[in-house]
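Under the heading domain 'Kinesin motor', TrEMBL lists 46-397. Residues or ranges marked as ATP binding site in TrEMBL: G125, Q126, T127, G128, S129, G130, K131, T132. The region 'Disordered' annotation in TrEMBL covers 187-212. Sequence annotations record features per position, and here TrEMBL assigns compositional bias 'Polar residues' to 188-203. As annotated by TrEMBL, coiled coil applies to 526-600, 633-667.
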Amino acid sequence: MGCFAVNAKEHTTHKEAEMLFAEIYFHCCFNVMETAASATTMEDCCVKVAVHIRPLIGDEKLQACKDCVAVVPGKPQVQLGTHSFTFDHVYGSTGTPSSAMFEECVSPLVDGLFQGYNATVLAYGQTGSGKTYTMGSGCKDGAQTGLIPQAMSALFNKIESLKHQIEFQLHVSFIEILKEEVRDLLDPNSSNKSESPNGQNGKVNIPGKPPIQIRETSNGVITLAGSTECGVQTLKEMADCLEHGSLSRATGSTNMNNQSSRSHAIFTITVEQIRKGDSNSNDSMGDEYLCAKLHLVDLAGSERAKRTGSDGMRFKEGVHINKGLLALGNVISALGDEKKRKEGAHVPYRDSKLTRLLQDSLGGNSRTVMIACVSPADINAEETLNTLKYANRARNIQNKPVVNRDPMSSEMLKMRQQLECLQAELCARGGGSSVELQVLRERIAWLEATNQDLCRELHVYRSRGIAIDHSEMDTKGDDSFCLENEGIKRSLQSSVDSSDYQMSESGDSTGIDEEAAKEWEHTLLQDSMDKELHELNKRLEQKESEMKLFGGFDTMTLKQHFGKKIMELEDEKRAVQKERDRLQTEIENLSATSDGQTQKLQDLHSHKLKSLESQILDLKKKKDSQVQIMKQKQKSDEAAKKLQDEIQFIKAQKVQLQHRIKQEAEQFRQWKASREKELLQA
């Protein structure tokens, strides 16, 4: 029993040492890889921003306008005067051709729909900058101009290639936000148009029809209660829904755009997929049910009343448009500010219905691409600069896209991943388990052999006991026969003498058996203690080999190295903070003056200040990493000390066992000598 307890304790300690070694190994070897992986994940989650520069239009050429937007050759960088902005993509002008926009920006989002990821394409810009043309929300007769028609075509091509493996269901919805009211552009009961007081086309309100309400489900998903979702099966049906909704959309004429969109429009494609049959695949295509949405957003253009010449109803529309875009800008600013994001600052999604509907697209469960449409004309330079600043802030937004699964399928996937993890852990620990299993098998074999010997010995003793019982029964039979026939007394007496002789012989045999049993007990005890000593030697060798692994590390050298590294990081951090404080002082001094050169220096110092703050954060992360490694090393030292204590304990056990073996051998020798002396005297 004691041997089993020691083995269990040894096994537990061995497992703890293995887990600690594995923890230190993975932490040290994959630290850099983990950092790179986290950076990749953050980059993939950022809102992608592309700039689309349209060419000069006829009115701008008549006014002899010139290009004020320059594209840096070979780089996604735009320059406007003294301002320079870097984006993910730049199309138009001297940049990448506009025809490549879909393949580079939208096609990956369409592919992501089939993996269960939501996606959003957002077109923003001043009025007349080409947003509706870029999105293609106003296309007719199945034209392929614009991102929306190309996305629909790519979607159905992908479905055609997967229709034998997956069953698809498609739904579309088309809504607009006009003067802070959500209107359904696919409602069949309100498809007639009416002329607004300023010549605006609008839909007739149906008496008794409840307005569309924005709702949020228990799991945080934004939905529209009362909007129409049309099921579609072909590309033509989807294109008809887009054309029908575009014709119902509110438009109007201003001095800057003959056909200006007066509302924010959102065309949503919902893709539901159910896999046919069973599959052993572990990727997302093996899921039972996935549902993803593609939001294609054509925002109304920002405008100034002086330049558009709008008044009356058109002026009120412009006020609502700018109000919604202002709320959108506040949301982008809150999400793009890293400091506010870390502090968990409030994001004003509820300030506008537009931002409420785009809550998942900006900082939520979606992969988002923003297309900033700009005019290159110098008369629009101020509006273009505002658009570029707007888009530049959006690049800092971090989204958190997840695969949209059915809850039951998600739970099954989680259990499957847990099973794979446990199987991998079992394989990784196979070495330690096999050693323990071998020890147990040897002990079982020894116990079975001992059990067989004891069974044979028991059988011998039982046979001798039966023989003695038979002799006693024979004696009783002779006594009864003697009572019946007195004439055979002599014969009975000889039988009694014979029985006495047998009993004396039996007594001698019992003495001999007692001696044999004593020798057998001594042999078993010696074998048991020898095996226990052998087990202790094996455990001692194993612990000493583990101790050599710990001894392979120079504890003092590692401690001095990491301590020196932490001091260097502290010194570098203080130097960077000192430089940051100096720059802040210079910026405050420069703020007192307002000439152009001073402003340029102030911008340069501000940029450098941001770089230094980022550098301070990196140094802090490095320092935390070094401190974590020091903690892991301390745990390793504690485990080594514990292992050393166990080695000393095993050595003490070994000495005690050797003393017991020697003492038992001496006792048996003395008993045997005494027994031999008694036999000689007898």
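Each residue, glycine too, has its Cβ placed from N, Cα and C.
Confidence for the coiled coil (526-600), expressed as mean pLDDT, is 72. The Cβ of Q126 (ATP binding site) has G301, S302, E303, V374, S375, N380, E383, T384, N386, T387 as same-chain neighbours under 8 Å, each 6 or more residues away in sequence. Note: S129 (ATP binding site) has non-local neighbours R54, G301, C373, V374, S375, N380, T387, i.e. same-chain residues 6+ apart with C-beta under 8 A of its own C-beta. Secondary structure at G125 (ATP binding site), as computed by DSSP, is strand. Look at the binding-site residues G125, G130 and count other Cβ atoms within 10 Å of each Cβ; G130 has the fewest.
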